[in-house]
Amino acid sequence: MASEQQLQAVKNAKVLMVGAGGIGCELLKTLALSGFQDIHIIDMDTIEVSNLNRQFLFRQSHVGQSKAKVAREAVLRFKPHINITAHHANVKNPEFSVEFFKKFNVVLNGLDNLDARRHVNRLCLAAEVPIVESGTTGFLGQVTVHVKGKTECYECQPKPTPKTYPVCTITSTPSKFVHCIVWAKDLLFAKLFGDKNLENDLYVRSNDSSNSSEIVGDIFERREGEDSEKYGRRIYDHVFGHNIEAALANEDTWKNRNRPKPIYIDDVLPDKLVQQNGNLEKNSTVDDTLSVSAMTSLGLRNPQDVWSLVENTKVFLESLKLFLGKRGKEIGNLIFDKDDQLAVEFVTAAANIRAASFGIPMHSLFEAKGIAGNIIHAVATTNAVVAGLIVIEATKVLLNDVKNYRMTYCLEHPSRKMLLMPVEPFEPNKSCFVCSKTPLYLEVNTYHTKLRDFVEKIVKAKLGMNLPLIMNGSALIYEVGDDLDEAMVANYEANLEKVLADLPSPVTSGTRLTVEDLQQELSCEISIKQREDFDEEKEPDGMLLSGWIQAPQVEKDDEKPVVQGESTLVVSQLVPLESEGNGEIEIIPSGTKRKLSQTSSASTSNSCGTDGNGADKKLQVIDDDDEIVVLNDWNSETNKKKKVL
């Protein structure tokens, strides 16, 4: 039974929710039913069909509409007297400034990407507003409280980076099904149906110049008078047959690897079987282009069946035929979408045929979609449990009940007969450059590295600044903003192309740069140290940032999707909580403040290719703008969890 003090705190609170997806729907409902009277929601997304099985505030008729606005309307139908304000916008927009965040008593995060989480974390620190973070991944979930000066901030712990693979692994030497998916989605699908002007590394190159991409550069162009069946068979033979033959020509590549087997369509699907391949009429009544299906044409019903090589070949040809016949106007502008049935079918079939060639087990469409769309299939019950935990922690924050703040983990299997594991929050990390203002150190060759590389690879990619301002002493060498005049913009653009040592205010060994993001109200100092050489494989950026801790890249079993479809919280101590040694959980007295374990070391993926600038060429498995890897237990000995008595 809530006390009068709790009820009053809840009633008078002004709450900001960021995210109106899986967790957000449950959270908004729970906030309204718990007595909260003034709620703001920010979400830039619109409702998709794939949301409807778990985001219960939405219906079929809402597809394409704003999540924030529809969620507001749905809740007001059963709680009409509360105040809900919906913002269909990006939380990184200028109007959501520090001053905006200061209006709220607590911020509740249900975001689905690292960049936005970091941005909100920094705004909350600057505004001195507590934030309750949350995330779910299947049956796993977590809720954490971040209060400036009292607990760690969101960035005190290292966050894993999306797994990338060298282009040569994807194009020439795949060893896992995820490699085949990336090849089918990011190379083949993009080459056939996407922007023809974009660079694409689809071709396999051998030491024999006769197999160069210049010779076969027009292979993907449909010839005059060529029907879709012949076109599909020609593409099939090229990518699954001739390309494999070209790869095999380089004997050194296969000395310590299993040799792939070229697959030609006549060996799988002779001409006499072509007439049995599909029926376009079965799709003739489909109005929604995203619902056109090769499976429907071929009479394949169960997406969890693993198709044979013959079935995959038929799906490959049929899906290509349907794209050409039903969606020809879209070709040249298509981007893979996990909600596009035909695109998923094509990618599944292509990935499976390639997997068969390289001796990799084939997967069902259901599994392939999870990997291609970076999905761990969401569990609505987990979202509901996490939403309830968020409200519990938010109430503690409103009451300033610091000693009872808890990070709570939802477990898939009971541990000590517990499915919910509460632990005390960490103290702030004194080495965190975000909340503790610790100086950073950058080793770089100032005579070779351009300012553009520093801005893109360090300031934006690693430090997460969106609108950076860079100063060398009192000299401003770079700035971003809408209020800059043309002369200033031209001057900063010119600076970007200069090496650091040649800037108007030269950056050399011993220089101390000040880097700020005025929107986030974040500032940090970076000391420069000259270094001549870097390992191209281990240090592909040609720079090494110290004092900024990054977790190793994570590579999950490719039979399971590597990321989520919900708002997954990415922290280095998600679950399991048990240490690897004996499964025991350390116990500390309740109320004892824990100190942060020192975590370090980062791993980088191997590379075997470079682009024109000498940088490693890699394909990223994860689209960073809406998907994040979950790290379970790296360096588990230094990240033990302690159970609260």
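The backbone N, Cα and C atoms fix where each Cβ goes, glycine too.
Positions annotated as domain 'THIF-type NAD/FAD binding fold' by TrEMBL: 3-432. The average pLDDT the prediction assigns to the domain 'THIF-type NAD/FAD binding fold' (3-432) is 87.
What TrEMBL lists as ATP binding site is 19-24, D43, 51-54, K67, 112-117.
For C153 (Zn(2+) binding site), the same-chain residues 6+ apart in sequence whose C-beta sits under 8 angstroms from its C-beta are N121, L125, H146, P428, C432, V434, C435. Sequence annotations record features per position, and here TrEMBL assigns Zn(2+) binding site to C153, C156, C432, C435.
Annotated active site, glycyl thioester intermediate per TrEMBL: C168, in sequence order.
According to TrEMBL, the feature domain 'Ubiquitin-activating enzyme SCCH' maps to 328-369. Remark: secondary structure over the domain 'Ubiquitin-activating enzyme SCCH' (328-369) totals 25 helix, 0 strand, 17 coil, with classes taken from DSSP.
According to TrEMBL, the domain 'Ubiquitin/SUMO-activating enzyme ubiquitin-like' annotation covers 442-534.
Sequence annotations record features per position, and here TrEMBL assigns region 'Disordered' to 592-618.
The annotation compositional bias 'Low complexity' is assigned in TrEMBL to 597-610.
Cβ proximity to the Zn(2+) site centre (mean Cβ of C153, C156, C432, C435, cutoff 8 Å) flags the following additional same-chain residues: L125, E152, Y154, E155, P428, N429, V434, S436. Neighbour counts of Cβ atoms within 10 Å were taken for the binding-site residues D43, D112, D115; the minimum is at D115.
Here the domain 'Ubiquitin/SUMO-activating enzyme ubiquitin-like' (442-534) has, by DSSP, the following mix of helix, strand and coil residues: 24 helix, 30 strand, 39 coil.
In this structure the alpha carbons, written CA, of C156 (Zn(2+) binding site) and D115 (ATP binding site) are 15 Å apart. A gap of 28 Å separates the Cα atoms of D115 (ATP binding site) and C168 (active site, glycyl thioester intermediate). All protein chains shown were included, and the count of other CB atoms within 10 Å of the CB of C156 (Zn(2+) binding site) stands at 23. Separating the Cα atoms of D112 (ATP binding site) and C168 (active site, glycyl thioester intermediate) is a whole-number distance of 30 Å. Note: the CA-CA distance between N53 (ATP binding site) and C168 (active site, glycyl thioester intermediate) rounds to 39 Å.
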